[in-house]
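Some notes on the structure that comes next.
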Amino acid sequence: MAGAGPGLALGGLLDYKTAKFALTRNRRVGLLHRLLQLGVLGYLLGWVLLVRKGYQDTDRAPRAAVVTKLKGAAAVAGTSRRLWDAADYARPPQGEDVIFLVTNFIATAQQAQGTCPESAAVLDAVCTEDADCPMGNPVARGNGIKTGKCVMFNTTHSTCEIYGWCPVENSTLPRKPLLAEAENFTLFIKNTVHFTKFNFSKCNTLQTNDPTYFKTCLYDSFFSPSCPVFRVRDMVEAAGETFGDLALLGGSIGVRIEWDCDLDQPAARCQPQYSFSLQDRSYNFRTASYYWDSQRQLHRNLLKLYGIRFDISVHGQAGKFSIVPAAVSIGTGIAFFGAATVLCDLVLLYLDAKAEFYWKEKFEEAKPPKCKTEAAA
């Protein structure tokens, strides 16, 4: 018997187990099995194949190109009436994925480098004597460098004298946006995407031979979804703002172009979806134009520009039938069907009231019949 241990262990190692099917008339487990199968089938057909299109190979990193162009004109009243067109209010004049539209501004004309009182609105420049204005120190958040003198800014305030561009920058903001007509300007957005995995390209502009189409059309998600010309007011309102409020101090609007292309269908059905979101409620910067006077002194006209910045981003994915993801999805579904059977077996063998009976019926050891000589012995 001492040598029987290794033999039994080796025999158990070489045993072969084969499946035995036992029909059990247990309605609760049978109902559970059918419900699990229906759930797996619904998941496979509804979610994997219809919603997620698990039979398709996908490209989620398209290469995108964007070209933008602003159009419109506005007249600004003042000491002299001036017309603003795209060369004045669009920065840069021919944009790409970022373009800035001027809607308001503060002008400071005929500045020249010299000495003058700093603005009383600058806290670091307020003074009562020369000792408050140490020479050579720049004015914090100001317009120049202190000369060491405290001078009268107006009848009520004294400020440090500075060396800088004089007179100092005007800080009086108009109560209404000076380019209020900009709400009717149009922004042309031309976008092309290329899905390199499938060698497929698509442009958001309508392919037409009508030379007047892009000069007359205006984007509408229902009536004119292929027109890439957007009215500024419509874009601002789609972002949840009113043009008058945003144009006064400027702001930033995000334009998201989303491509979701099923390449198993005609290419004409691959169309972009546009969405607009407010990113910031304040945006401005300064710019200047320089010139020489008759005395060969350098002058400049300073503009503090407020406006709406459009940030355009392109996202998307494309899918096309491929045998590999289709086989993986179907194989996963078949595996889930097998898992449903295993789960029902566990319920039947461990949780059911008659688990011991089912256990005996399911597992049976098949032994070969003994030889006649062994039986006679």
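Just so it is clear, glycine is given a Cβ too, placed from its N, Cα and C backbone atoms.
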* To do: Tell me, from Cys133, Cys166, which cysteine TrEMBL puts in a disulphide with Cys160.
  => Cys133
* Where TrEMBL annotates a disulfide for Cys261, which of Cys227, Cys270 is the other cysteine? -> Cys270
* Cross-link partner of Cys127 (disulfide, per TrEMBL) out of Cys150, Cys166 -> Cys150
* **Set of same-chain residues at least 6 away whose C-beta sits under 8 angstroms from Cys127 (disulfide bond)** => Cys133, Cys150, Ser158, Thr159, Cys160
* Among Cys116, Cys166, Asn184, Cys217, Cys270, which are recorded as recorded positions, the nearest neighbour of Phe285 (ATP binding site) by Cα -> Cys166
* In the same chain, which residue numbers or ranges, 6 or more beyond the ends of the transmembrane segment (330-351), come under 8 angstroms Cβ to Cβ? -> 24, 26, 29, 32-33, 36-37, 40-41, 43-44, 48, 358-359, 362
* Neighbouring C-beta atoms (10 Å sphere around the C-beta of Asn184 (N-linked glycosylation site)) -> 14
